[in-house]
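Peer 1: Sharing the features that Swiss-Prot gives for it:
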- D13, S14, Y45, G46, N78, T79, T193, H194: substrate binding site (BINDING)
- C77: active site, proton donor/acceptor (ACT_SITE)
- C192: active site, proton donor/acceptor (ACT_SITE)
Amino acid sequence: MTKTELKPILVFDSGIGGLTVLREARVLMPERHFIYVADDAGFPYGGWEEGALKERVIALFGRLLAELDPEICIIACNTAFTLVGADLRAAYPQMTFVGTVPAIKPAAERTRSGLVSVLATPGTVKRAYTRDLIQSFASQCHVRLVGSENLARMAEAYIRGDALADEAVLAEIEPCFVEAEGKRTDIVVLACTHYPFMSNVFRRLAPWPVDWLDPAEAIARRARSLVPLPNGFEPLNGEDPAIFTSGRPDFATRRLMQGFGLRVMADAVSADRRERI
């Protein structure tokens, strides 16, 4: 398989949080081109009704797979994958989907206090998938689920360079910090790919030090294990394409994409198709 024959890797998120996963995946798969897809027309996913979101994502992937023909798809969005992952695999059995789920298992393995918090969107918190992970891997721990209504939007603003009030951020993360029977929360799972961009802010504002668990590297390792590595490959240079379902990313977003080595495609998903999403 030559370099020109290698199919790209599709990285999908509701917004720009999936860039945390893209960054790690590029390190592990330097021989591949990537296509970043942001469903910003539907952002944020956390407040969507489940049936409507499921229908939207499945239909969108039907078009993306037909047009882009990727090697695999990385769903860099906890909210989407915990809801739609099984349905995507059933609808498109020829495609390999690498999912993003709350990193509850590694958190349970690392905690010393037994107090773990999961910072997520409301959608991820209410999924049976998330509670099944807790039952399967963290039944011996006290796991607090914290569903933030605002933090994904705040993270998008922060990534674009907007200033955020410390008090507003603290109000979102403070419920993660639990004290019980002389013990304290020692791990917070970042169960939204937007949140790691704000990890330094979280550390600065945290009532006490904790391990902020970012799953991006583990997701990238899983993807690498599923993608064939050709002999004699050379690392690729140049920009990769980015697709926004709104077709209208603002200037700050375009500049951010350039910083990640991405160029925004003007007409990768045609307007008439977007209207039917």
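Using the three backbone atoms N, Cα and C, a Cβ is placed for every residue, glycine included.
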Peer 1: Tell me, in order along the sequence, which recorded positions from Y45, C77, N78 have their CA within 10 Å of C192 (active site, proton donor/acceptor).
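Peer 2: Checking Cα-Cα distances against C192 (active site, proton donor/acceptor), the recorded positions within 10 Å turn out to be C77, N78.
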Peer 1: Using a Cβ-Cβ cut-off under 8 angstroms and a sequence gap of six or more, which residues of the chain neighbour S14 (substrate binding site)?
Peer 2: A38, D39, D40, G42, F43, P44, Y45, C77, T79, A80, A152
Peer 1: According to DSSP, which of helix, strand or coil covers N78 (substrate binding site)?
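Peer 2: Once the DSSP labels are grouped into three classes, N78 (substrate binding site) ends up as helix.
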Peer 1: Let me check the 10 A CB neighbour count of C77 (active site, proton donor/acceptor). How many other CB atoms are there?
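Peer 2: A 10 Å sphere around the Cβ of C77 (active site, proton donor/acceptor) contains 32 other Cβ atoms.
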Peer 1: Please report the number of other Cβ atoms within 10 Å of the Cβ of H194 (substrate binding site).
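Peer 2: Other Cβ atoms found within 10 Å: 29.
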Peer 1: List the residues in the vicinity of the substrate site, defined as same-chain residues other than D13, S14, Y45, G46, N78, T79, T193, H194 with C-beta within 8 angstroms of the site's C-beta centre.
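Peer 2: Other same-chain residues with Cβ inside the cutoff are G15, G17, P44, C77, A80, T121, G123, T124, A152, C192.
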Peer 1: If I restrict to non-local contacts, at least six residues apart, and a C-beta distance under 8 angstroms, what lies near D13 (substrate binding site) in its own chain?
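Peer 2: When sequence neighbours closer than 6 are ignored, D13 (substrate binding site) has L19, V21, Y36, V37, A38, D39, I75, A76, C77, A80, T193 within Cβ distance under 8 Å.
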Peer 1: Could you tally the C-beta atoms, other than its own, that fall within 10 angstroms of the C-beta of N78 (substrate binding site)?
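Peer 2: If we count other Cβ atoms within 10 Å of N78 (substrate binding site), we arrive at 35.
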Peer 1: Same-chain residues six or more away whose CB lies under 8 A from the CB of G46 (substrate binding site)?
Peer 2: T79, T121, P122, G123, T124, G147, E149, A152
Peer 1: Taking the Cβ of Y45 (substrate binding site) as the centre, how many other Cβ atoms fall within a 10 Å radius?
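Peer 2: That number is 25.
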